[in-house]
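Q: Copying in the features that TrEMBL gives for the protein in this structure:
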- 1-12: compositional bias 'Low complexity' (COMPBIAS)
- 1-46: region 'Disordered' (REGION)
- GLY141, ARG229, GLY230, GLY254, ASP255, GLY256, THR257: ATP binding site (BINDING)
- ASP255: Mg(2+) binding site (BINDING)
- GLY256: site 'Important for substrate specificity' (SITE)
- ASP285: active site, proton acceptor (ACT_SITE)
- 516-543: region 'Disordered' (REGION)
- 520-531: compositional bias 'Basic and acidic residues' (COMPBIAS)
Amino acid sequence: MDSNSSSPSPNNHASTTKINGFFHPKLGSQPATSSRSRLAMASPVNSDPKVVTGTAGYILEDVPHFTDYIPNLPTYPNPLQDNPAYSVVKQYFVHVDDSVPQKVVVHKDGARGVHFRRAGPRQKVYFEADEVQAAIVTCGGLCPGLNTVIRELVCGLHHMRAGALKLNKFCACFFQVSPPSFHYSVFSKQALMPKGGYRGFYARNTITLTPKSVNDIHKRGGTVLGTSRGGHDTKKIVDSIQDRGINQVYIIGGDGTQKGASAIFEEVRRRGLKVSVVGIPKTIDNDIPVIDKSFGFDTAVEEAQRAINAAHVEAESVENGIGVVKLMGRNSGFIAMYATLASRDVDCCLIPESPFYLEGPGGLYEYIEKRLKENGHMVIVIAEGAGQELVSESVQSMSKQDASGNKLFQDVGLWISQKIRDHFAAQKTLPITLKYIDPTYMIRAIPSNASDNVYCTLLAQSAVHGAMAGYTGYTSGLVNGRQTYIPFYRITERQNHVVITDRMWARLLSSTNQPSFLDSKGDNEEKKEEEAALNQLPDGHCSKDTSLANKEINSIYPTTC
């Protein structure tokens, strides 16, 4: 075990110094405070991203640490090093310089690229077991694996810290490690009807719960803490955190929830509180950037197979049968794409990232007719965010939003099913039988499968290790198969989308044999433009190929005449 495995030196961006071979910013002058005090005097802090540079283009996008804005904090030996269960594990503690690259494939003469701090236990921690008081909050829609994360956070803080915990339900669970009692508090008078989400910070009542009570919750879907959208008031939340003496906050949610967590962290840092704010990425759509995947995604893809199989059975059992399945994916079509690849029964997959059109040569209607004549049946998978611009043209939709600020989409599954029925009814040449299946909320409500259960365990344990080591303002996530700590700004800067020019989408097109609708329409328009341009050229001259496929080639290998 490495004696240098404590948390990194204090950082601030006023200037840099070389530590362990890399350049770290030096800590600016700050007023002295008592090392035992939970609260430090608020002082101006630099909230710029922490970036550590090294040789050969090495860049570490580091996460904030208590020592960035609270000086003279004491450290304590990690209780795990005295736990006999870990005595046989060699190199259990993570070295201070361990990092994980964001990209594995790099050019031989290129830089090493961006890295993130590797997750795991450190030899030194910044909390004593009897001072830990933690909160858990789950926000947004349901997702398989929520209860597993909650259970592992509770058990991780209880067993790994060799203490008991005080918890709060209501989507804001508050623990206190103080043996021998274990209390579970619900800050609400409506214990049977919790509102959950960020609103849980405003509740009042308490009830008790033992570690045994969370033992089997991973076998149930949903969340025992309750959840909701909206309700985020940064000042009120941090006031509640401060009043209740909470020093660890674990926030489980998608990109919107992580933005809220980032705002809470910034306010906590502005006040100089010794409070670790940790995010755990949750989105069934898998649209959080940087990380390999979000928990619940594998379960969703696996469960989607049941709906696709049912649609296939219905379609092939009748003449000219069509099965339409709508899957989750507001802005990202990952579930639809992976479920299609896994199924092998799908003839057409429609996702938000790949626009399509209905009528005319190369359109969806023409492709459906072709597949029905060839196979006698067809299965279409469509993500909920696909074709929304087409729905808006034919349906007078209001630009309404939910409590989280997300745009409320029209039901594209019902819309496209009716459009297909109407089209073939008007043609009167090919009678069809169409079945529509929407398994959305059935998928959201199931327990996580084995793969996601393991992943949820790793996410939760990594989050606890990081908080105990004094890190804050980060999301625990998997990058290139390794658990890492990712700063909030990288998680919230954008959404993850299917890249339709990437190999995975090409594999789907190969599997379904569907046309790339955008290319089909674009090719016809480009051919007309090319013909018009060629007709205008004088004799003896030639023109570069202006098609989309050859624009990049022409920029590298110019056409010569």
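Positions of Cβ are set from backbone N, Cα and C atoms, glycine also.
Any TrEMBL annotation is an automated prediction that lacks curation.
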Q: Restricting to the chain of THR257 (ATP binding site) and a gap of 6 or more, list residues whose Cβ falls under 8 Å of its Cβ, or answer none.
A: CYS139, GLY140, ILE251, GLY279, LYS282
Q: Measuring Cα to Cα, how many angstrom lie between GLY141 (ATP binding site) and the residue listed as 'active site, proton acceptor'?
A: 11
Q: List the same-chain residues at least 6 positions away in sequence whose Cβ sits under 8 Å from the Cβ of ASP255 (ATP binding site), in sequence order, or say none.
A: THR283, ASP287, ILE288, ILE491, THR492, GLN495
Q: Could you give the Cα-Cα distance between GLY254 (ATP binding site) and the residue listed as 'active site, proton acceptor', in whole Å?
A: 9
Q: Looking at the binding-site residues GLY141, GLY254, which sits with the largest number of other Cβ atoms within 10 Å of its Cβ?
A: GLY254
Q: Given the residue listed as 'active site, proton acceptor' and GLY256 (ATP binding site), what distance in Å do their CA atoms have, once rounded to a whole number?
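A: Rounded to a whole number, the Cα-Cα distance is 13 Å.
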Q: Around GLY256 (ATP binding site), how many other C-beta atoms are within 10 angstroms of its C-beta?
A: 18
